[in-house]
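Annotated features in Swiss-Prot:
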- SER25: pyruvic acid (Ser) (MOD_RES)
- SER25: active site, schiff-base intermediate with substrate (ACT_SITE)
- THR57, GLY73, ALA74, ALA75: substrate binding site (BINDING)
- TYR58: active site, proton donor (ACT_SITE)
Amino acid sequence: MQRVLLASKIHRATVTQADLHYVGSITIDAELMAAADIVEGEQVHVVDITSGARLVTYAITGTPGSGVIGINGAAAHLISPGNLVIIMSFVHLDEAERADHRANVVHVDADNHIVTIGSDPAQPVPGAADQLVGRV
C-alpha cells in the first residue's frame, strides 16, 4: 500500500504578483524551489492563509533571489498580491520508504527570503508571534 505524504512546504510566502491572462501555474523563486525540492512542472497545492482559497497547479521556476511568488491564470481570481500562502508538494511512498521520509519545510520572511529549512511541518516560522506550535 502507498500513502500520500507531505514532501515539501514553503510556509507563509507572500504573493508578489498575479497575472490573470497567463496560461496558468504558480511562479516560485528558484532558490525557494531548490530549498523545498520542488521541480519545474511539479504539481503543487496552494493554500491562501489570507482568503482561505485552496488550489492545485504546477510550479514554474522564477528568477533566483527575486522572492517572486506569482499566481498565474484563473487562480488570480482566488489569490491576490499581498496574500500569505502555503505551497506544498506531496509524494507517494510505500511503508518501507515512509519510515525514513522527512518533509522539506522552508520558512520565509515577508520578502520571501529563506529564514530556516527544516523537516517539522508543525513548526511555526521562528520569531513569528502570531503563530501557534502545531504540536501539543
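Positions of Cβ are set from backbone N, Cα and C atoms, glycine also.
Projection of Swiss-Prot feature records onto the structure.
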| residue | record | Cβ contacts under 8 Å, 6 or more apart |
| --- | --- | --- |
| SER25 | pyruvic acid (Ser) | THR57, TYR58, ALA59, ILE60, ASN72, GLY73 |
| ALA74 | substrate binding site | LEU20, GLY24 |
| ALA75 | substrate binding site | ALA18, GLY24, ILE26, VAL46, LEU55, THR57 |
DSSP three-state assignment (helix, strand or coil) for the residue listed as 'active site, proton donor': strand
Span of THR57, GLY73, ALA74, ALA75 around substrate - largest C-alpha separation, Å: 11
ALA74 (substrate binding site) - helix vs strand vs coil (DSSP): helix
DSSP-derived class (H/G/I helix, E/B strand, else coil) of SER25 (pyruvic acid (Ser)): strand
Additional residues around substrate, ordered along the sequence, whose Cβ is within 8 Å of the centroid of THR57, GLY73, ALA74, ALA75: GLY24, SER25, ILE26, LEU55, ILE71, ASN72, ALA76, LEU78
